[in-house]
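Asker: What TrEMBL lists as domain 'HD-GYP' is 232-427. Among the features that TrEMBL reports, transmembrane segment is placed at 12-31, 37-55, 67-88, 108-132, 144-170, 190-221.
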Amino acid sequence: MNQLPKKARYYVLFIITLAVVLLISLAYFYDLPSIDTFFMFIILAILVESLAVLLPNGGSVSVGSAVDITVMIILGPLGAAICSFFGITLKYLKVSNKEVHHIANTPIYITLFNGAQSLLSIGIASFVYYNFDTKSSDPLFYTNILPLFIAMLTYILVNTYIVTQLFSLLQEQSFFKMFVNNFKWTLPNSFVISSLGIFISLLYLNYGTIIMLLFFGPLLLARYSFKMYIDTKTLYMETVYALTKAMEAKDPYTNGHSRRVADVSVKLATFMGLPQHRIETLKTAALLHDIGKIGIEDSILNKPGRLTELEMSKIRCHPVIGSNILNDVDFLKNEREIIYSHHERYDGKGYPDGVVGDKIIIEAAILSVADAFDAMTSDRSYRKGMTIQQALTIIKEEACQQFHPLAAESFYNMVQTQGIDELTLNFSDSPV
């Protein structure tokens with residue numbers, strides 16, 4: 001825990017303490033249901049969290065929120081809080097063929113924070129739900145619908161707030177901007193999954209345990225289909241990385257360039273508040289932005305000195321060549337547009353089409369800044385790379401000329417907000 005920033009350490013301890021206080025309060029005001037029912041739902045919570053599907057960005061998707069809402073309705077606030085805590089902390093999650101995450105190999109503060117975050121989310125949501133005059137145990141009884149809706153919204157809000165606040169402290173980014181982006185992405189997905197909890201509770205209340213458990217059969221099939229989709233997407237990204245390595249093998253001076261550009265592009269796009277799906281598209285485009293150099297002679301790419309005007313004219317063809325290479329790859333059509341336009345200039349003096357101003361798509365403008373930043377701070381055979389501060393000054397001065405002002409100013413503000421060290425964590429081979 002010592003490796004966390006000071007504010008993040010205090011925040012983690014605060015959330016864990018708050019969860020303990022809430023648990024004690026719930027234990028004072030509410031009772032547990034029968035032991036058999038209680039333990040059945042604890043086991044169910046652990047199972048669904050253990051079967052979570054890992055996402056390429058490091059997150060995961062499970063139907064845990066559906067089980068949380070189910071136990072909220074059936075077990076009450078205290079039972080729901082305890083079930084949710086154990087579901088998160090005792091999960092046995094297979095990350096890969098060689099790696100499994102469980103309580104014994106996870107730092108205790110991470111386990112406790114995750115458990116506390118889950119306990120607080122469903123505990124507060126349950127408290128909200130049971131403080132309405134619901135008049136019936138049937139979750140679809142007309143007096144229960146509004147309380148259920150508010151409880152689910154509370155659950156999503158608290159969950160999103162706790163996680164976003166931590167990442168805001170870790171990354172030193174604006175909490176509000178991160179929260180809005182995360183909430184917009186989380187709300188529809190979490191609301192749909194949480195709504196399943198109402199259906200599961202209805203099955204249990206009306207038909208008993210066996211019928212409720214049978215419902216998880218189709219959910220397992222849906223999980224399998226989703227995992228196949230994620231595995232395919234992971235394979236696709238591995239192919240992109242392989243193409244990047246093949247591309248950079250032609251030009252030893254740009255080793256690691258595409259990954260560094262992708263890293264800065266993602267950070268800048270996140271700072272600017274782009275939606276997650278557009279950030280993912282930008283990341284892929286950034287990794288492949290120089291793929292057109294495959295069509296440029298090695299003698300030009302590896303030339304030790306400055307290029308002639310004729311050689312530069314050939315280099316300027318690489319966005320078009322790259323776009324043509326990807327022309328028949330239908331699922332990369334959005335990336336292809338970004339790659340094609342990433343050397344356009346805001347003043348219209350760029351290439352290949354000389355597009356002016358806001359006609360340049362913002363993703364291409366972001367990529368242009370990230371690409372230029374890495375090019376300026378990297379060594380070449382004929383010059384030493386600039387310092388980060390020198391490159392930053394040029395980017396600021398070139399706003400409205402070479403660079404889109406929104407992208408350039410956002411980049412400058414991002415560095416001022418996060419600090420140069422934070423920005424350059426992945427730039428170990430670039431001079432500072």
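From the backbone N, Cα and C atoms, a Cβ is placed for every residue, glycine too.
Caution: TrEMBL annotation is automatic and unverified by curators.
Please situate the listed features within the shown structure.
Answerer: Long-range Cβ contacts of the transmembrane segment (12-31) within its own chain (Cβ-Cβ under 8 Å, at least 6 residues beyond either end) map to 1, 4, 76-78, 81-82, 85, 109, 112-113, 115-117, 119-120, 123-124, 126-127, 130, 162, 166.
Beyond the ends of the transmembrane segment (67-88), by six or more residues, the same chain brings 19, 22-23, 26-27, 29-33, 37-38, 41-42, 44-46, 48-49, 114-119, 121-123, 125-127, 129-130, 139, 148, 151-152, 155, 194-198, 200-201, 204-205 to within a C-beta distance below 8 angstroms of the stretch.
Beyond the ends of the transmembrane segment (108-132), by six or more residues, the same chain brings 1, 12, 15-16, 18-20, 22-23, 26, 30, 64, 68-69, 71-73, 76-77, 80-82, 84-89, 143-144, 146-148, 150-152, 154-155, 158-159, 162-163, 166 to within a C-beta distance below 8 angstroms of the stretch.
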Asker: When the pLDDT values for the domain 'HD-GYP' (232-427) are averaged, what is the result?
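Answerer: Taking every residue of the domain 'HD-GYP' (232-427) together, the mean pLDDT is 84.
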Asker: Using a Cβ cut-off of under 8 Å, list the residues of the same chain at least 6 residues beyond the transmembrane segment (37-55) that approach it.
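Answerer: Distant contacts of the transmembrane segment (37-55): 61-64, 66-68, 70-71, 74-75, 79, 82-84, 86-88, 90-93, 95, 209, 220, 223, 226-227, 230.
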Asker: Near the transmembrane segment (144-170), which same-chain residues lie under 8 Å Cβ to Cβ, leaving out any that are not at least 6 residues past its ends?
Answerer: 4-5, 7-8, 11-12, 15, 65, 68-69, 72-73, 113, 117-118, 120-122, 124-126, 128-129, 132, 134-136, 138, 178-179, 182-183, 186-187, 190-191, 194-195, 198
